Amino acid sequence: MGCFGSAGAKGDAEENKKRKEANKNINKQIQKDKQVYRATHRLLLLGAGESGKSTIVKQMRILHVDGFSEEEKREKIHAIRCNIRDAILTITGNMSTLTPPIALENPAHQFRVDYIQDVASQKDFDYPEEFYEHTEMLWKDKGVQACYERANEYQLIDCAKYFLDRVHIVRQTDYTPTEQDILRCRVLTLGIFETRFQVDKVNFHMFDVGGQRDERRKWIQCFNDVTAIIFVTACSSYNMVLREDPSQNRLRESLDLFKSIWNNRWLRTISVILFLNKQDLLAEKIRAGKSKLEDYFPDFARYQTPLDATVEPGEDPEVVRAKYFIRDEFLRISTASGDGKHYCYPHFTCAVDTENIRRVFNDCRDIIQRMHLRQYELL
C-alpha cells in the first residue's frame, strides 16, 4: 500500500513540475509577445476614396519589403487592362453627355466608339487585338482628348492618361508591368489590409482601409492601440465630386472627414501625419489654369503664401500658393480644437514617386518614434 502511495506522490510531483515548467514557458512567451507588440509601430492609413492610400502601401513594399515578384507583377496585368478599358469606356461614354457635348474630330472613328461601348463593356470581355487598336486610334482623336481635358465634369480614374499613353506596351504578349505600372494601377480597396515591414530593426504594421463612405464603418475596428494615423488627401481633387455623392466636392469631403477624425473622442491622444498627396496632379491643374481653385474655395482669392513656405527650385509661385492654402485649410481644423494631446504633421507627397515617399517616410520616422514612446508613457 505504502509503495503505491509513494509512487503516486512521486507522479504528482513530476506532474506539478511539468505544469509549472509549461506555465513558466507560456508566461515567458506572453512577455515576449508583449514586448514585440509594444515595440511595433502601428500606422493606420485613413482618407477619402481615391486619395492614394493603397499606393502608399505599395511604396512601403517597394522600399522596405522585397517589392513585387515577377508572378505578382503578372497578376496585375488583368487589373491594368481593366483600367484601360474603364478609362476609354468612361471618356467616350461622356462625350455626348457633357454640356456642351463633344464630337469626334474624325467622325469615321464612330464605329470604334460603338465597339468600345457595345462590345468592350461586356462582363466576359477578353481583350482581343482589335480592342487595343480601337483604343489607340480613339486616344489620338482630338475630340476624345478634349473630353479627357474635362474629366472633372465626370468620374475618371487618375491613371487614365498614364495607361492610355502606354496601350502599345500593355498590348504586347510578353508584357510585364513595371513598378510604376503597379503603383499607378487602380483597384478599389474593400475591407482592411495589413502590411508588415521593418526599417532599421523597427517593426511597422500599416493598416489600409477602404475610403469610400460605405467602407468607413470598418475603420473603428482598427483604432485600438494605434501609434499614429496617416491621413491621406488628394489635393488635386479640389475641382472634383464624389463617386458616391455627385453633390459633394471631394476636397471638402476630405476636410470634413479629417475634422471628424481629429475631433473623435477615441482618437484625442493619437497624432496625425497629414499626407497632402497628388502634388503632381495639383501642379498640372493650377498651371493649366482651366479649373481655378478660387472657383471652388473662394477664400483662396485673398490667400497669401505664408512666410514658412519652402519653394522648390523653378516651382511656380501660384502652385506654391495653392498647395499651402490647402495645407492651411487642414491646419485650421487641427489648431482650432487642439488640446495639446495630439498634433498634426503635414507633408507634401506624390504617392507614385518612390523617392518622394522614401524622403517623407524617413522624415516621419522620428515623429512616429516620439508618438510610440508617448503611447507607452516612456516620454
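Glycine residues also receive a Cβ, built from the backbone N, Cα and C atoms like all the rest.
Swiss-Prot lists 47-54, 183-189, 208-212, 277-280, A351 with the feature GTP binding site. The Mg(2+) binding site annotation in Swiss-Prot covers S54, T189, and the record cites similarity to another entry as its basis. What Swiss-Prot records for G2 is N-palmitoyl glycine. Residues annotated as S-palmitoyl cysteine in Swiss-Prot: C3. Taken from Swiss-Prot, the feature region 'Disordered' covers 1-29. Annotation source Swiss-Prot lists region 'G1 motif' at 42-55. Annotation comment: Swiss-Prot describes 181-189 as region 'G2 motif'. The region 'G3 motif' feature in Swiss-Prot is assigned to 204-213; the stated evidence is sequence analysis. Annotation source Swiss-Prot lists region 'G5 motif' at 349-354, citing sequence analysis.
Positions of the features from Swiss-Prot, shown on the structure.
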residue : record              : Cβ within 10 Å
G47     : GTP binding site    : 25
S51     : GTP binding site    : 26
S54     : Mg(2+) binding site : 24
L183    : GTP binding site    : 23
V187    : GTP binding site    : 11
T189    : Mg(2+) binding site : 19
V209    : GTP binding site    : 21
N277    : GTP binding site    : 28
A351    : GTP binding site    : 26
Distance [Cα-Cα, Å, rounded] between V187 (GTP binding site) and S54 (Mg(2+) binding site): 9
Three-state secondary structure, which DSSP defines for V187 (GTP binding site): coil
Tally of DSSP helical, extended and coil residues in the region 'G5 motif' (349-354): 1 helix, 0 strand, 5 coil
Helix, strand and coil residues within the region 'G1 motif' (42-55) as assigned by DSSP: 3 helix, 5 strand, 6 coil
Cα distance (Å, whole number) from T189 (Mg(2+) binding site) to S51 (GTP binding site): 11
Pairwise CA distance, N277 (GTP binding site) versus S54 (Mg(2+) binding site), rounded so that it is a whole Å: 12
